[in-house]
């Protein structure tokens, strides 16, 4: 039993020590390389110095390097705030640049347009009608018409199959600047911008209306602006970063991308607005790859730049544009034309057939594709029906929007059999005809149309085709259709789909054994911290938590220095452009970016201050770690992985840290209050005397309450003895009540309680006995407390005495064992010391003797060698004698 008791005692002691020294406490780290997804606005930077680039974006210095991270991150091109912002912002650029501000509703009137039988789309000049031959059915041709830079028809705009632009001259009457008088106006329209009714057979005029009058709001550009593409990049505000998946196998969605780089800005991109094709993209490589939507058949196909695919468009004719003031605030841009201009057209250069063949092969190899593997059954098709932007290939050429009919091009690329097609489509050509619209459907807002003024001069534009927008459909492995799409937004998912915006979260929480922050005695390094830039501290994102924690001071300083540096740069360019940015949508975004950066830094510092950890890189707290089974692997886990593990605990830990800090502040307040008593002068302060009076009142009230309680107890005791006092008056007014005892009754020998006195009278001397009674009750209470405490202490001593004796005996035995072991160690050390000394002496003597013998041997050998010539000389002398 004794041994068992000793073991139990030792176990209790060990558990107590473990409970004290092995408890994990929450530790706050500032400057850890961790992040979370963000959705804040980005700002743009561009090198364009034209009107748009100056008013919409900040200057671009081109100094945006990338830093590789040893982490794994998920990327999605469709569920991506960067691409969504690009889609919205490019539309805002488009809308801001043309500044549509005048509604053309007054032009929704009946117009008399020349539409004769001889000239279906006629223009009149001095009662003279310019006519063209009516088109006839062309024979089926298997010839392939090809053009290139040296073709003569390019310069003369007379390539086979191209016609004149379909335009209509109209007249209309409306009130002008003088509201009480009407005026007749002449206007030239593109035929696709009007809707005409069938006129009388004898009348050369038709009733026409401006298109879209009944379906949407039409606005005209206030100033003569044109939509020209610009190149720009997105940049993250200070405190945020852009991650990019650098894996060549990335196809628009990858939950675990292991090749991640970080930067503060994206690559350059172009404000593309086109359907079917993407032009002048920055993602073209020496391979074909596909971004495929995760839940449907939408794709964006990046074409191999090896094939040098180009598209060159031209709008022939030297147009002039004249502003016509129809009424106050409405300036219409007219095209005074005498002849119908040549039709706009585009021709395609490069190895298109090889490129489309590689596209089909890439589709077959894609893991999402389950259709036929026979590329001959994979066809490139045009979408049917819908808006003209869908049916035609819609693109922008220096401010003019072209709608190109792509049948010739598809016949040429696919080598189709054209015998079953309509007469005008029975051709295989590498160029296509286009028509121009001034009233266009906006590609981002449904039900809104914009009137774009015509562009002056002869327009030519050259573009590099870098991608295809398509929907890929297949049925049971028989046929697969690559249907060209009008999803303009897909272009920006290809350009920026490998980026994701993250918010740097430099505050990390982890458990450690230290309960409170203590400063060590080691000296500080006098060398300055090398600032790597804002993203420099993210270089440790792939390092283990322990290794990254050793560099928290440098990382936090780098983070702060980077934020301040970015803010200064951003503020500088904003100040230089504040006049230009004041009234623009993107100017507001740029200013909002700076505000976001300041809010980010202040939010982190406020959070640290709420926990009592302001301006500390490592802050130990008194809050126990809430989940003892969840601890970090400091040698293997990264801070990003650890943040994901403890994300569900963050809210609880934050609340506990705030409560601990509030309690700490209360404790400090109480401690400061106690410190005021050590000054003698504070004892005579007026506020202190008010407290003294308050305490005195409390004492008086307590005495009164005690007297009332004692009175009630005494009355209850009297009632239990059968005595009932008169309650009509208080005890202080009781007089001695004399009662005459009947002499016939026998006298009682004893008393019960405080019964009557001997004799015939009994009285209750309340005022005299009350003080004695109070004293007796207090004495009894103190006696009872003393006896109970003495009994409790004696019993505790009796219980603890054997335990203490056993503990003393155990400690004594441990001391004896330690003393014995120490004696053994001392004896062994002395024996070892003597042995070493004896060995050293023996070795010294042996070496000295050996060295003496060796030296004597060498000396004799040397003398013998030196004596050889002398012996030879002596022998020769004896011989000669």
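Glycine is no exception: its Cβ is also placed from the backbone N, Cα and C atoms.
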N-linked glycosylation site, as annotated by Swiss-Prot among 280, 761, is found at 280
Per Swiss-Prot, the region 'Immunosuppression' among 591-607, 608-624, 625-641 spans residues 591-607
If you measure between the CA atoms of residue 265 (disulfide bond) and residue 245 (disulfide bond) and round to the nearest Å, you get 14
Its Cβ having more other Cβ atoms within 10 Å than any other among the recorded positions 108, 213, 346, 434, 789, the winner is 434
Reduced DSSP state (H/G/I helix, E/B strand, rest coil) at residue 213 (disulfide bond) is coil
Candidates 57, 113, 170, 461 (disulfide-bonded residues); nearest Cα to residue 789 (S-palmitoyl cysteine) turns out to be 57
Cβ proximity for residue 113 (disulfide bond), under 8 A, sequence spacing 6+, ordered by residue number, returns 168, 169, 170, 171, 189, 194, 196, 205, 206, 207, 208
Among the disulfide-bonded residues listed as 108, 257, 404, the Cα nearest the Cα of residue 397 (disulfide bond) belongs to 404
Check: min Cα-Cα distance from residue 404 (disulfide bond) over disulfide-bonded residues 108, 346, 461 goes to 346
